[in-house]
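A.B. asks: Pasting a structure below so you can have a look.
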Amino acid sequence: MNNTIEPTKLPKKTKSAMKVTPNLMLPLIIVVVALLTTIIQPRFFTLFNFQNLLIQASFLAILAFGQTFVMLTRNFDLSVAANAAIVGVVTAMTINQYGMAIGILAGLLLGVVIGLINGLLVAYSMVPSLIVTLGMMTILRGLGLLITNGEPVTGLPPAFREIVVSFIGPIPQVVLIVCVLLAVSYYVLTQTVFGRHIYAKGGNEEAAKLTGINVRKIDISVFVISGLAAAIGGILLASRVNSGQPTIAEGLELEAIAAVAIGAVSLSGGAGSIINVAFGVLLLALLNNVMNLIGISSYVQDIALGVVLVLAVSLDQIRRRKKRHKT
């Protein structure tokens, strides 16, 4: 009798879910919207506007990339925007006391710790991630207001603002930072064992356990990544406004989820491409830019975001039903 246990391979379903096939509909929609806007509002097709659009998209992109890791495991992180805000506050306060390098390190460390707490609670408390991170979001918003008395932290050095406002040629420096983060995220998700385990855990947690994957470790890791992404976004946002603001980025967590959903990352986990998420971010930023240019009020823009989020979730449900019928 042979008692040798052979290592179980990842299911073919997981491997196919990892294939990076860009959703060609998203680039097509982006091009069509851009062309129509150029006809309606010629100010759209200017270098200044494109630079502004990309800068605005950058902050959302960073949070969305972190959210992608979490959502691929069938979880959600509603605390990303609040995490970014309090990181910006703590970074600003620390810079004023100890200098820029220590301030940025403190901000990054705080974001990672917040992500770690989220991950541990989700992995070990059995409380749904939606509830855990909703609670964390509320705590962080309240804590940010408490330590600042609701006032922005100002007096930051000019060098800190240069992080975001600097250009390399015609390209904003922050856009290059986003491109590096996208490349790293793409590599991790598609070329590493850790990335394969993320897809496997999100696709079928029980099957992932049978293959020897430590699903709790995966949960903790993706929330740490999301926390780090939120910290980077928070530091860059603070640089953009040259202050730490406890109320900044309100609502950005929903935009991040919408961007990930638009990018065809399944809300039930286990399938999706971060390249498509980047297109989803660009489409959302483009729609916001267009509405600003043609004078649509911010209240209507909030309604539009809600509609887009519902449509994205509905499309995900339709895709899931079609896959079930095929199988």
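In case you wondered, yes, glycine gets a Cβ from its N, Cα and C as well.
The annotation transmembrane segment is assigned in TrEMBL to 20-40, 52-72, 78-95, 102-124, 130-151, 163-189, 220-238, 259-287, 293-315.
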A.B. asks: With the transmembrane segment (220-238) as the reference, find which of 102-124, 163-189, 259-287 contributes the most Cβ pairs under 8 Å.
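C.D. replies: Ranked by Cβ pairs under 8 Å, first place goes to 102-124.
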A.B. asks: So what's near the transmembrane segment (293-315) in sequence-distant terms, Cβ-Cβ under 8 Å and 6+ beyond its ends?
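C.D. replies: Hits for the transmembrane segment (293-315): 37, 40-41, 43-44, 49, 251, 254-255, 257-258, 261-262, 267, 284, 287.
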A.B. asks: Any residues 6+ beyond the ends of the transmembrane segment (130-151) with a Cβ under 8 Å from its own?
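C.D. replies: Contacts of the transmembrane segment (130-151) (Cβ under 8 Å, skipping residues fewer than 6 from its ends): 76-79, 81-83, 85-86, 89, 93, 114, 117-118, 121-122, 244, 246-247, 253.
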A.B. asks: Is it the case that the transmembrane segment (52-72) and the transmembrane segment (163-189) have 3 or more CB pairs under 8 Å, with pairs at least 6 apart in sequence?
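C.D. replies: Since 3 or more Cβ pairs under 8 Å link them, the transmembrane segment (52-72) and the transmembrane segment (163-189) do come into contact.
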A.B. asks: Between the stretches 78-95, 102-124, 163-189, 259-287, which one has more Cβ pairs under 8 Å with the transmembrane segment (20-40) than any other?
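C.D. replies: Between the stretches 78-95, 102-124, 163-189, 259-287, 259-287 has the largest tally.
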A.B. asks: Could you pull out which residues elsewhere in the chain have a CB under 8 Å from any CB of the transmembrane segment (259-287), counting only those six or more residues past its ends?
C.D. replies: 14, 17, 19-23, 26-27, 29-30, 33-34, 53-54, 56-57, 60-61, 64-65, 67-68, 71-75, 182, 185-186, 189, 199-204, 304-305, 308-309, 312-313, 315-316, 319-320
A.B. asks: Taking residues 6+ outside the transmembrane segment (78-95), which of them lie with a CB under 8 Å of any CB in it?
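C.D. replies: Tertiary neighbours of the transmembrane segment (78-95) are 63, 66-67, 102-104, 106-108, 110-111, 114-115, 118, 130, 133-134, 136-138, 140-141, 143-144, 147-148, 153-154, 156-157, 160, 226-227, 229-231, 233-235, 237-238, 243-253, 256.
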